[in-house]
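Enquirer: The structure under discussion is supplied below as structure tokens; questions concerning it will follow.
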């Protein structure tokens, strides 16, 4: 592939920021409901672990028998006896399902459109949430978590892709970071509901709530148009012009001109009868094996994998259990506070990401995470609760300002527009593999090494900071592939 000068997604003037329209806000919010589902389900097993697995009994009302509750009356067990390894498998198989969903999501999105693939993912999320709610065995929980992982794996590809395609370049960083904000909102929602439902009678309602979010997302998509970039790439030019006109503050003629600029930048002017395969981008296998994709592929692999290998999901998956060893009476409350902090700092990052840039935030984020991982290790090893909680809060804040929002945002910015869906799938698959490895191995490593396991995360974060400094280009405000990769 010749690295010719082509416009990146939403290329345009960088002089002033255009106004944000109501349809742009609506489209971003609806797309982000998919990320909220991802965040919700990735953390839903954190708080109720001991109650679900029969390790702890806590009745919300001593005067009411479990058999008198709705779930008890309908034959649902009070708990499902699980070993730590079985619970680890249920937690981590979410990542395997997510890997499958992400693997196919790019091709599905290219073929059927961003909107309808996202709606299908939400439908699967609704069904799998209900399956988890009604589960009475280890195998049922495994199957439900695999399915919900598939749906979330699809959603986490579509959300940043759709936002990147509808946002003006001047707002790309701020709006793209809403993906991570939404993931954190999903995690916060789980922790909020856990304050009420994390007990021996009500833990199933935490699993049921995911279906409510899924139904809301399906209905909300009915109010949003398909991505204009997908429409124009498949020959639906008039529909693309109408959709873009709603997203932009200017006139219909200006929207039409932007569509024509897109077509010229890609060297085609398609009609509806054209083969949709011609400009659908590479397959995932082509992307992985073709040497012409080596530069963006390598950086995407490093960023999306190290986001997990720096240890964030050791807190998201197992934070209640880890902190509970030192603060058993306050572990759920501490995790709730962590979730609030994650949302607040990510929102703050979204306000500065287009001013500061991607590289400085990634460097600051990983450097602080390195130091805090070491302090978490010390706090756990020496049972110093104040040090553990403080270091954990700073660690989460550091993640939220850089390594949280930037990886999924930067994939599209590092890629040609026609490669973006496949690159998004590739990066997300890498992220899922890393998530599975951390989710499965962390409880084993923590059992063998105790707090010293966080020293491993510190070493990885330090190496990744060095890699960012040497290999990751800045993408802030850049509109062409060659401009992004100049000097690399």
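Glycine is treated like the rest: Cβ placed from N, Cα and C.
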Enquirer: Tell me if the membrane topology in Swiss-Prot places residue 343 and residue 46 on the same side.
Expert: no
Enquirer: If I go by Swiss-Prot, the feature transmembrane segment sits on one of 63-83, 147-167, 231-251. Which?
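Expert: Checked against Swiss-Prot: transmembrane segment maps to 147-167.
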Enquirer: Using a Cβ cut-off under 8 Å, which residues of the same chain at least 6 positions beyond either end of the transmembrane segment (300-320) come close to it?
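Expert: Contacts with the transmembrane segment (300-320): 42-43, 45-47, 49, 91, 187, 331-332, 334-335, 338, 362, 366, 369, 373, 392, 395-396, 399, 403-404, 406-408, 410-411, 414-415, 423, 426-428, 430-431, 433-435, 437-439, 442-443, 446, 453-454, 456-457, 460-461, 464, 467-468, 471-472.
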Enquirer: What residues in the same chain, six or more past the boundaries of the topological domain 'Vacuolar' (199-204), come closer than 8 Å to it by Cβ-Cβ distance?
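Expert: 48, 51-52, 56-61, 64, 66, 69, 71-72, 76, 78-79, 133.
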Enquirer: Which range out of 147-167, 179-198, 205-225, 345-364 gives the transmembrane segment (88-108) the most CB pairs under 8 Å?
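Expert: Ranking 147-167, 179-198, 205-225, 345-364 by Cβ pairs under 8 Å to the transmembrane segment (88-108) puts 147-167 first.
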Enquirer: Test of understanding: give the count of other CB atoms lying within 10 angstroms of the CB of residue 63 (N-linked glycosylation site).
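Expert: Result for residue 63 (N-linked glycosylation site): 6 other Cβ atoms within 10 Å.
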Enquirer: Can you work out which residues elsewhere in the same chain, 6+ from the ends of the transmembrane segment (179-198), have a Cβ less than 8 Å from its Cβ atoms?
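Expert: Non-local partners: 32-44, 46-48, 51, 156, 159-160, 163, 205-206, 209, 213, 316, 332-333, 335-336, 338-340, 342-343, 346-347, 350, 400, 404-405, 408-409.
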